[in-house]
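Asker: Just dropping this structure here.
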Amino acid sequence: EPSSPSAAAMSRFVRRLAGIPWRQIAGEASSVGLLMAQGLCAVHVVSEHVLGVAFPRGPSMLPALNMAGDVLLTDKVSPRRGWVGPGDVVLLLSPEDPRKIVAKRVLGMEGDEVTYPVDAGNSDATKTVVVPQGHIWVQGDNIYSSNDSRQFGPVPYGLVKGKMSYRIWPPSRIGSIDSKE
C-alpha cells in the first residue's frame, strides 16, 4: 500500500527530530540557567548586604534630596559595623510602619543630648532629650514636612538598613551626599 505524501513528510520530520542532539542542548541550557541563577544570587547578596540602590521620595529631606528622581548608592556595611554618626543620611525601617523604608539624617547617637523644636513654624518652644542606649535620633532636613524622631522618638539602631553615601542620578547632582553636623 503506497504511503501518502503527508505520511512521508511526517517520517522525514521525525527523522530530523531524532537527529537533533537533544541531550547536548539540554545540558547547555541547564549550564546557562545555572550560571544565570548564580549571577542573580550574587546580585541579590551584594544589593542586600553590601551596596544597594535607593530611590527616596517625598519632601522630608529637601533640599539635600529631591522630592523624586534621586538615585542613591546605599552602603549596607556601615550600619552593621557601627560606622553611622551625626550628619549621615540613613535608610531605616519606619518605626511606625515597618513596611515602609524612610530616609532621614542622624542628629544624635546614644548618650547625646538633642534639642529640637516642638512645633516648628508655630512656636519657638524646644525640648531636649537624651538619646537612650542602642538608639539614634533622626530628623528630616525639611523640619516643616517630616515625620521623624520629633514625633516617634529615638529609633532603635537595628532599624538602620543603610547609609546613603553617593548620588548617581540626576547627572547634574552626581556626588557625595552632604554631611551636616
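Placement of Cβ uses the backbone N, Cα and C atoms for every residue, glycine included.
Keep in mind that TrEMBL annotations are predicted by a computer and have not been checked by a curator.
Take a look at what TrEMBL says about it:
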- Ser60: active site (ACT_SITE)
- Lys104: active site (ACT_SITE)
- 36-117: domain 'Peptidase S26' (DOMAIN)
- 126-169: domain 'Peptidase S26' (DOMAIN)
Asker: Between the active-site residues Ser60, Lys104, where is the Cβ count within 10 Å the lowest?
Answerer: Ser60
Asker: Across the domain 'Peptidase S26' (36-117), what is the average pLDDT of the model, as a whole number?
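Answerer: On average, pLDDT over the domain 'Peptidase S26' (36-117) sits at 93.
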Asker: How do the residues of the domain 'Peptidase S26' (126-169) split into helix, strand and coil according to DSSP?
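Answerer: Its residues divide into 10 helix, 22 strand, 12 coil.
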Asker: Cα-Cα separation of Lys104 (active site) and Ser60 (active site), in Å?
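Answerer: Counting only the Cα atoms, the answer is 8 Å.
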